[in-house]
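S.K.: Straight from Swiss-Prot, here's the annotation block:
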type     : residues                               : note
BINDING  : 223, 224, 225, 226, 227, 228, 229, 230 : ATP binding site
COMPBIAS : 710-719                                : compositional bias 'Basic and acidic residues'
DOMAIN   : 210-389                                : domain 'Helicase ATP-binding'
DOMAIN   : 422-566                                : domain 'Helicase C-terminal'
MOTIF    : 179-207                                : motif 'Q motif'
MOTIF    : 332-335                                : motif 'DEAD box'
């Protein structure tokens, strides 16, 4: 009866364990802990005591020599050495025996199997296993087990962290995999030139369009600005021309023509193509430059011709520019090209090479950030029937750049120039690059020459400048000669100016497409940027139209607070101190010591930072409408309110009935949990002294504009501009007869046709 014998042995060993548990182990543990030993050493001593009891209290010297605790997995070997017996190789470890004991409690067949396997074991091993179990129950959790569990937890935490990091970088890693150079038929020379420019893989737009363009198919590509559209057609066409191995004879006609709407974009594309090929001849033709140099280029021979429609057409008509051998035609920024009235010029240029049968026409590639329906209809006119559409934006996704934060600030026209300096200082700093877009040339010139709030150097860029002047301005801006570029729409499309931190639209964006391109001057090539739109109260509907068309959401913010301006100015001032040479500092230490003795170290340094940053006079402004000398107050309620009159009543109860003349522009918060209003800075202190917060109302000075409910007033036009309400009957100013379409007066409000004088 092996099972019965095993059970009796178990009972005997259990009695021994009970006796051992009565030994004064806790005292030994307390003494050892007092001497600075760990709980692991107690475990060792207890194992020795157990083995000594089993082996007539003769512990093995080996255990006394050990300073480090033995792991639980090695406890059986230690016990066997204590018993003075040689370990049997066939003997399983206590861990395995423990598993067999668990099986014993499940089924009788398992119990029989376990008993047969346990018969060859010595009594000493069994005793040690049971003693270990008793130790575990007495000391709750042995230290080695805790260490093992903690290690597992740490490993799991590291694995989770690695998973999170992998998820964040998954998109970038996938782009690198998809754009790996080995997946494309690129020559060694092209790869070398790309790597010299810091390009280690093709961007998504480049990888997705390469094979289509390389195979000779017609394609229409829509992608956001700043995603690398130039290389998406330049790289495959360079490889195609290199494969042709056509003799590069003098006077050869161009095989590729690239038409762009602006001169600046043409120059940029030319430089990009030249950077990846040294063998092929790339020429750039645009207006505002002498014809002679361009005629010499035609006689010398051209492979890539980049130009604007007007100048290219003139060269075709008057200087024998041969386009009959064109194999590839690229139209970049197609929507803008046709919006600017270049459609007739483009058709004249293409008619030289395009035939009635589309299959005989050259490969046509259209690229744009926006692709309206009319553009697809135009594509059918020049392209083969089986042309491809590659849309990297989609109809439902955001069409503007995703790396740009879109902000909107409401202020009147008279206040825009005054707050412009603070916006540039906070969002770009003294050393960042900013582009300010204006609607007119006069406005751009005026801001560049007489905007007193701008501390940074600024220059204007508009159509009245000669081409040479425009190139000098753009070159200076790229090289950091000045920090602020004030431009008209000439700089809105296609220009790849690196590291632009801020874009400011001096007026509300009227068209969604124009906003997409203007805001796309920042946040390029993986960088982040900010685009701020300044709008007047009556221009809110323009923002809503842009939001609906592009899928973005403007974040309504106020002008930077006094604290934010001081913080940004101080950061720039501290940064500028690093540029002062050490030998120069030595000459100023004596005067610095005198200043510290006079004013104190803290006051002296603060005054120096303010002067260095140019922030000697910082005006507090309203966050609601940018009016100087006003503070914005937030009065938060513990319960929702739906009427301003309720807030007025509570304010008058504490501050008196005359307070209504001191509070301006009150409006409800967006969540209806309070109101927001302006007070004059000279009245703020007295209000704070008289006001006492209650359970319902909390009075705070706002440091940033809270989300407020937009008022619908003034949506029918500018306030006090002389436009009436309901009447729409025209009139003539000279004879007061209603036969002109310029008016529209309010019926019964003014006898002079509805045009009222501003109050």
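Keep in mind that glycine also has a Cβ here, set from the backbone N, Cα and C atoms.
Given the structure is predicted, the values throughout are model-derived calculations rather than measurements.
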S.K.: Given a 10 Å Cβ-Cβ cut-off, pick out the one of the binding-site residues 225, 227, 230 that has the most other Cβ atoms nearby.
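M.R.: Its Cβ has the most other Cβ atoms within 10 Å: 225.
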S.K.: Any idea what the model's mean pLDDT is for the motif 'Q motif' (179-207)?
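M.R.: Result for the motif 'Q motif' (179-207): average pLDDT 91.
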S.K.: With DSSP helix as H/G/I and strand as E/B, how many residues of the motif 'Q motif' (179-207) fall in helix, strand and coil?
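M.R.: DSSP classes over the motif 'Q motif' (179-207) add up to 16 helix, 0 strand, 13 coil.
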S.K.: Summarise the domain 'Helicase C-terminal' (422-566) as counts of helix, strand and coil residues per DSSP.
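M.R.: For the domain 'Helicase C-terminal' (422-566), the helix, strand and coil counts are 59 helix, 28 strand, 58 coil.
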S.K.: Please list, in sequence order, the residues in the chain of residue 229 (ATP binding site) that are at least six apart in sequence and whose C-beta is under 8 Å away from its C-beta.
M.R.: 205, 221, 223, 332, 367
S.K.: So if I draw a 10 Å sphere around the Cβ of residue 223 (ATP binding site), how many other Cβ atoms end up inside it?
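M.R.: The Cβ of residue 223 (ATP binding site) has 23 Cβ neighbours within 10 Å.
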S.K.: Helix, strand or coil: which one is residue 224 (ATP binding site) in, per DSSP?
M.R.: coil
S.K.: Which numbers of helix, strand and coil residues does DSSP report for the motif 'DEAD box' (332-335)?
M.R.: 2 helix, 1 strand, 1 coil
S.K.: Quick one: give me the count of other CB atoms within 10 A of the CB of residue 228 (ATP binding site).
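M.R.: Its Cβ shell of radius 10 Å holds 20 other Cβ atoms.
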S.K.: Neighbour count, 10 Å Cβ-Cβ cut-off, for residue 224 (ATP binding site): what number do you get?
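M.R.: For residue 224 (ATP binding site), the count of other Cβ atoms within 10 Å is 23.
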S.K.: Within 10 angstroms of the C-beta of residue 226 (ATP binding site), what count of other C-beta atoms is obtained when all protein chains are considered?
M.R.: 22
S.K.: In the same chain, outside 223, 224, 225, 226, 227, 228, 229, 230, whose C-beta lies within 8 angstroms of the Cβ mean position for the ATP site?
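M.R.: In sequence order, the nearby non-listed residues are 205, 232, 369, 524.
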